Amino acid sequence: MIDIAEIRMLYRKFVLRHEVRKEYLTVLLPLVIAVIIIASSLIIANQVESSESDALRGDLYEEYLRSIGRVTGESKATAEEIQRSWVADHLDHILIFAVLVAIMPYGVDSFLERKRRRRYEEEYSEFLFEVSELLRSGIDPIKALIEISRSEFNLDGRKFIKVPKAHLKALTPLVQKAASLVAIGKSFEYAMKRMAEDTGSELVRKYAHLLVMATYIGGDVSGIILRASSDMRTYLRIQKEKESDLRQYVVILYFAHAILIAMIFMLITYLLPYIETVDLGGAGEILFGSSNAIQLGGGLQDLELERYFFHLIIINALVIGLIIGKIVHGHLKHGLIHSSILIISSYILSLMLILPGGGGAVDITVLSGDGQTGKPLAQLDEPLVFQVLEHGEPYREHVTISVKGPGGVSGSARPNRIKPDDEGIISTTITLGKKPGLYTITVKAGRSEGLATATAIDYRV
């Protein structure tokens, strides 16, 4: 049976013998975990790419149709293959998670450390005031330190609580530790330096050195320490006013990032679908010849613009957070907490507004219009009709339709972005591209795809 007390004793012995720095847990360990996550994800994604390249050596189109059965839900892949495919498709999401794992612990620790250091600085000015008052009454510095470290009982509601006489909260353990060092024979200078080092504040170190030098030099020591206390309070008040004035820029940068997300949402939702429908390739070839063909937005439906915009939002969130830390607090590390907040909120908003839905259970079935034959640059005789269902219910989001032919030539669909009706039915009219051959009509609902085909026969034959 494991003895908890023995484990605790071993842990204390290890800590006493070996200096375990806090940075090991807040910086090194998260970085190692993040690197492991990224490396394992890249290895899995590389395995997927190599297996896909082997599959492409056969008949690519027939293999693709057979693997999805023209409906994404009919894949017969093994659980391991599905897992690898998921990692490859969501590699950017995994990288974002790894970045959060790497920066968030250190960002939170830096935030808490800054708050704790500020409390130490504020209370140290009170400590200097108490020392000056005790020195004014004729007590030497060592006895003044011991007197401040002592506690008294004050009434707080129904209970008596033990509080320091100087009403120091965060600084109380450090004052008591310094008093203990003096009590066992250490010098006043050594105790004050140890106390200042434990606060981790450069400002406290400077005033601690001033306190020690004042006691060594002599003269009006209490007056010097009193003026030092007043000067320290003034400096801290100026710093607070400065940070308060700079907080407006924090709000501005947060709003700027929110506006960026809103603009991208409006662009994807309302503008891009209409740009994608502007395809003058056919008319341009007829009027100006094949070398002067005009296409506006003819290939945008083949680009994952939502994902590219998603990457832009996340990168912008990271950079803005670092800028906030540098402007307001003077150091980039204090901006990691802002970067973490912005990345998490941006990720959630992107999943809701920017990225397509999961679509794992979306079934896309061709009802009519599949396998038609037409001429290049001509519209097919019959519209292409699909039924889009999610968990047996009509799909509620917009679906996109793209037409791709031989040699990367694109056709067009009218409309190429449509919302299914109450029965999950969508209908679109297909116009083939300028080259003869087999054209693939792809319907995307979230991350699911449905396929239909059409053939363009050269009208000059």
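Glycine too: its Cβ is placed from the backbone N, Cα and C atoms.
Remember, TrEMBL labels are computer predictions, not curated facts.
Here's what TrEMBL has on this protein:
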- 24-45: transmembrane segment (TRANSMEM)
- 94-112: transmembrane segment (TRANSMEM)
- 127-268: domain 'Type II secretion system protein GspF' (DOMAIN)
- 249-272: transmembrane segment (TRANSMEM)
- 308-328: transmembrane segment (TRANSMEM)
- 335-355: transmembrane segment (TRANSMEM)
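With a cut-off of 8 Å between Cβ atoms, the residues of this chain six or more beyond the transmembrane segment (94-112) that come close are 22, 25-27, 29-31, 33-35, 37-38, 41, 87, 314, 318, 333-340, 343-344, 347. Same-chain residues lying 6+ beyond the ends of the transmembrane segment (335-355) with a Cβ under 8 Å from its Cβ atoms: 96, 99-100, 103-104, 106-108, 110-111, 250, 254, 257, 261, 264-265, 268, 306-307, 309-310, 313-314, 316-318, 320-326, 329. Per-residue pLDDT, averaged across the domain 'Type II secretion system protein GspF' (127-268), gives 86. Residue counts for the domain 'Type II secretion system protein GspF' (127-268) under DSSP, helix first, then strand, then coil, are 107 helix, 12 strand, 23 coil.
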